[in-house]
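Presented below is the structure to which this report refers.
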Amino acid sequence: MGPLSEPLPERNQNKPYGIQFIECIKKKRLSYKTCQAIVLIVTFFAYASYHAARKTTSIVKSALDPQSTRVGLKFIPWRITYLSEPEERRFSWVLGDGWAPFSGSDGTALLGELDLAFLSIYAIGMYFSGHIGDRMDLRIFLTIGMIGTGVFTSLFGVGYWANVHNFYYFLIMQMIAGLFQSTGWPSVVAVVGDWFGKSKRGLIMGIWNAHTSIGNISGSLIASAMLSYGWGWSFVVPGFLIAFIGLMVFLVLPVSPDSVGIDRREDELHDPRKIGEEVTEPLLGSDSEVKETAVGFIEAWKIPGVAPFALCLFFAKLVAYTFLYWLPFYISHTAIDGKYLSDGTAGNLSTLFDVGGVIGGILAGHISDRLDARAITAASFMYCAIPALFFYRSYGHISLGVNIALMFITGLFVNGPYALITTAVSADLGTHSSLKGNSRALATVTAIIDGTGSVGAAIGPLLTGYISAKSWSAVFTMLMAAALIAGLLLTRLVVAEVAAKIAESRSQTSAPSRTPAVQLDV
């Protein structure tokens, strides 16, 4: 049998040390609700730290490659110091000098290749991470990933003090960091999904998913603040931060009710008999006859809805990650009301895109819960992102206020469906009724969806590095096309949801005709 049949002392051996310490102090076992709160808080800060470490590259880009005139840009907002020998520049770096090899004519392309390397390894690693995550202790798996991410993010920054100017050093650091980063998302979604049923999952996960934007914002602010002391600090500080939070995860994260000796039926959310439902949602309870075996990769792809949502996320993340990696660079090289902003100011201003993303994620989750229609909500947001992108590119330069407003709206519509698909949709599909109560597909399904999306996330920033050299308008055209395709990929699911709503409406309107007395009362 699975963990439910094991004696309590054995299960307690797997309890996080922090949980054991808290229970020892309180002299009683933590309640189900308390553990749920711990899960939400710990995973929130865990994944926020992942994004904080990931965001640093976009902030440092302009400091590494300030020579914008060589890539088709029209203004140099920083002082550039040219010395006779490259070796002299290595020991005289100040903000505005750039950093070899990124300060050359191909600097923007090289930065794009770093993004590609990071996100490609991240996407590939995601598939393996989901497979592994469903087969081992997620607390240990997540801790290893966070500490590894912190180490290699910091090593990228160490290149500043070590005077490293070899492109392949930075490339390798980014690739290994991407591999460790791939452990994060499948793990946190699997943990949260195992503690919360489908009821209000969209809203709960929409609020919880604010960690993505909070991580981006904090990463931007930290990197911008550290930039004046040397760009290396912009990597080392977030690196130490995620490693520290990784230790907290190891100490206090309960990965499932079973891992802390809690019966799933202690909470009505996990007991279908209390809400009058059959066991159609595995997280609401499971048949004792069902064996909790991890789901295979191919089997997970066959779950209804996984493929279209995964492909939709490919294009949605292409748009979102292009903004993640290039928005500060774009702002600093675009005249707003006739003026150019500095690196730090552009980085700070770009956080408003993520603020819009927080609202968008919560709004998308709430709407999808109210409508009980994930596909309709996601597709609608993607279609609304198209005019938002157009207006931001066309009118964002008029004034700072207009830029802020349009950036906020764009972030809302771009990040809304991205947040919905990677959280509530992934958890829904990972606990699909076709799995017959088997809850050990969460990490695999999450990895498939987000891994496929991460391929698009790798391609978007790479293409931007090349296309922006000729025209930023062409970049925004690419993003609008991607948003359109993302919406269209959900067409079949949208039609199915609309048909279900129509059928439900007809059944409700026909009910009074069969019961005249009720109609009179109404």
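Each Cβ is built from the backbone N, Cα and C atoms, and glycine gets one as well.
Not measured: the values here are computed from a predicted model.
Per TrEMBL, transmembrane segment is recorded for 35-53, 109-128, 140-162, 168-196, 208-229, 235-255, 306-327, 347-368, 375-392, 398-420, 441-463, 475-495. Taken from TrEMBL, the feature domain 'Major facilitator superfamily (MFS) profile' covers 41-499.
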Taking a Cβ cut-off under 8 Å, which residues six or more beyond the ends of the transmembrane segment (208-229) line up next to it in the same chain? 40, 43-56, 58-60, 63, 95, 192, 235, 237-238, 241, 324, 328, 343-344, 347-348, 350-351, 354-355, 357-358, 361-362, 365, 411, 415, 419, 422-423
Long-range CB partners for the transmembrane segment (35-53) (under 8 A, at least six residues beyond its ends), listed in sequence order, are 19, 142, 146, 149-150, 153, 177, 181, 184-185, 188, 191-192, 195-196, 204, 208, 210-212, 214-216, 218-219, 222, 238-239, 241-242, 245-246, 248-249, 252-254, 257, 260, 262, 267
Per the Cβ filter (under 8 Å) with a sequence gap of at least 6 from its ends, the transmembrane segment (306-327) is approached by 54-55, 57-58, 61, 115, 119, 216, 300, 350, 353, 375, 378-379, 382, 385, 389, 410-411, 414-415, 417-418, 421-422, 425-426, 429, 445, 448-450, 452-461, 464-465, 468, 475, 479, 482-483, 485-487, 489-490, 492-493
Look over the recorded stretches 109-128, 140-162, 168-196, 235-255, 475-495 and say which has the most C-beta pairs under 8 A to the transmembrane segment (441-463). 109-128
What same-chain residues lie close to the transmembrane segment (109-128): Cβ under 8 Å, and 6 or more beyond its ends? 57, 61, 64-65, 101-102, 167, 170-171, 174-183, 185-186, 297, 321, 325, 447-448, 450-452, 454-455, 457-459, 461-466, 469
Selected stretch (most C-beta pairs under 8 A with the transmembrane segment (475-495)) from 140-162, 168-196, 375-392, 398-420: 375-392
Checking distant contacts: for the transmembrane segment (375-392), what same-chain residues at least six beyond its ends satisfy Cβ-Cβ under 8 A? 305, 308-309, 312, 316, 319, 360, 364, 367-368, 403, 406-407, 409-410, 412-414, 416-417, 420-421, 425, 476, 479-480, 483-484, 486-487, 490-491, 493-494, 496-498
Average pLDDT across the domain 'Major facilitator superfamily (MFS) profile' (41-499)? 79
